[in-house]
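Below you'll find the structure, written out as structure tokens, and then a few comments.
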């Protein structure tokens, strides 16, 4: 039975005898035979070659990488090498075997000599267990069998699922807090003084929102919008932003502990990747010389410059989206549909968000190409180093792709557009958009909601459906063969391997970066849930629901739809930890900026404690934010409009000659439109709050990081005991010799 276990299967087309491809294939297989590999050939519509490595290869591996602990107890007992290690070694040797023409398997695949090489999904009990208990929708809420995943897919995949499970578990807490705040906003917001004032302001005439067909309008028209804004933009938001900054730190600290516990059970705590790679190289070829470390400032400079160019392009795309929204706004507000005219700004923001999502999808593919190209320029030494370089680059690019538009909406929208009579224009023609009178945070909320919903629904559906449909199509293709057997045609007994190899071949191909893609998707989602969470308290809830599905989507894809992954060893999630820590710091800065700049929290606080009736008249029975709306609008004289602006029709309820002035949202003087004292007062308060918020949040993060130790005491104690016992054994071994 054991003889029939094959480590890898190579697939190739049936080439003509004597053709160049056939010769190349023979040379490669001969090299493998020289190394002692057993090779079995099965012919179908393609040629399948099963390869099995000789036992001495694994003995060498065990000998070179013995744990110091095992050296003493069982120096002569050969334990079986685990299947995952077996596959990893064979994969390494296959990829590093060189034919006499100096070609490796990778080159032969490019030249279509071989079509595919993959390890097999075996009928082991581990696999059956995982298929039944893990890769099923009904096990959504049950604990993941990390140990079993490790036995089947290797440490790296197991760590990904351990991390994802832990992240989802802690997201649950953040989701509940966010939901409570959101519900509190909904129940409390209708009673807010500010939205009451907006709803009652039926005599406050506002300046037109565009140049041509827009009328003057009355502030009370935006009553519902104001209520919605207050639902998101209230005092609770500040607390939630601080809570999420602390949550991000605690999550990472607890993950470090979790990881230490998991890895300690695997005996990988002190495992060294370089040593592993060198050992495999030597097993494959004794004459092998290691690649030396290299660093060239010239290359680094070029990579840096190209990276900056790429970032500039991504920021340019964000600008293009801004221009789209400005022009869309102008066109919608002049359209013949009444609905479009009245909701022009909301529709422009929504279509802008959908467009942004489409650019994200397209640019993700472009970013990948660019990042790979930059990686090849750097010539990294090992696979893991290459992966780290690639990670940093693609994360940076993806970050700008996903967030540049949001950053614009959060911090620039409505702050750089001038004032009536002197607007900032694109190409001298189109006015830059402004925020809604009840604040800019709603625009950010809409944008975040649309992108998160689209990203999570469409991307997940596509990610699962495409391989699933391909899988079903392949199944259909190979049905008819059985019927010919029914008719009683003679057929020689079918090789038991043939069916298994064919089934494996028909599964989807595994991309070497597939695990990387899953990580990237989750890390970008993590940035969405932490960086602008002040504007979108529902982000953690959406992420939580998405991840419950994500874990099982990934599980089903790996178990049922794709060929088996080549297991990789790892003892942590690698450079992703640094990326997550960087996001944690960005989250503090981002949320501080959202509260200080985007939200109306600071202007309202300043108003309450300096200009409000509570302060000026010492009357305690009124709400302190009474009069805030009137205070935050400036006056504009109609006769100062720019010459090319059509002064709009007057409102029907007012007599034609009454409107001499209109109001707009800013702190400017009525005579020369310069900034008022209040503007600078609020500006100073915003800066002070920002500095205070960031320092407090970062201090709390540092305290949390210090308070929670990275490695649990139990793990440290196990280590201590192990060392102690080993040293004892060494001594016992030395003592009798001295006596001799």
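First residue shown is number 1, and so on along the chain.
In case you wondered, yes, glycine gets a Cβ from its N, Cα and C as well.
Annotation source TrEMBL lists domain 'Anoctamin dimerisation' at 81-146.
Here TrEMBL flags 149-718 as domain 'Anoctamin transmembrane'.
The feature transmembrane segment is assigned by TrEMBL to 157-186 (among others).
Annotation source TrEMBL lists transmembrane segment at 237-255 (among others).
The transmembrane segment feature in TrEMBL is assigned to 301-327 (among others).
The transmembrane segment annotation in TrEMBL covers 347-364 (among others).
The feature transmembrane segment is assigned by TrEMBL to 394-413 (among others). If one looks beyond the transmembrane segment (394-413) by at least 6 residues along the same chain, the residues whose Cβ comes under 8 Å of a Cβ in the stretch are 307, 310-311, 314-315, 317-318, 321-322, 352, 356, 359-360, 363-364, 367-368, 370-371, 433-435, 440, 443-444, 447-448, 451, 520, 523-524, 527-528, 531-532, 535, 579, 593-594, 597-598.
Among the features that TrEMBL reports, transmembrane segment is placed at 523-549 (among others).
Residues annotated as transmembrane segment in TrEMBL: 570-597 (among others).
According to TrEMBL, the transmembrane segment annotation covers 683-708 (among others).
Contact between the transmembrane segment (157-186) and the transmembrane segment (347-364) is not supported: fewer than 3 Cβ pairs lie under 8 Å, counting only residues 6 or more apart in sequence. Within the same chain, the transmembrane segment (523-549) stays apart from the transmembrane segment (347-364): fewer than three Cβ pairs sit under 8 Å, each pair at least 6 residues apart.
For the domain 'Anoctamin dimerisation' (81-146), residue counts in helix, strand and coil come to 33 helix, 4 strand, 29 coil, using DSSP.
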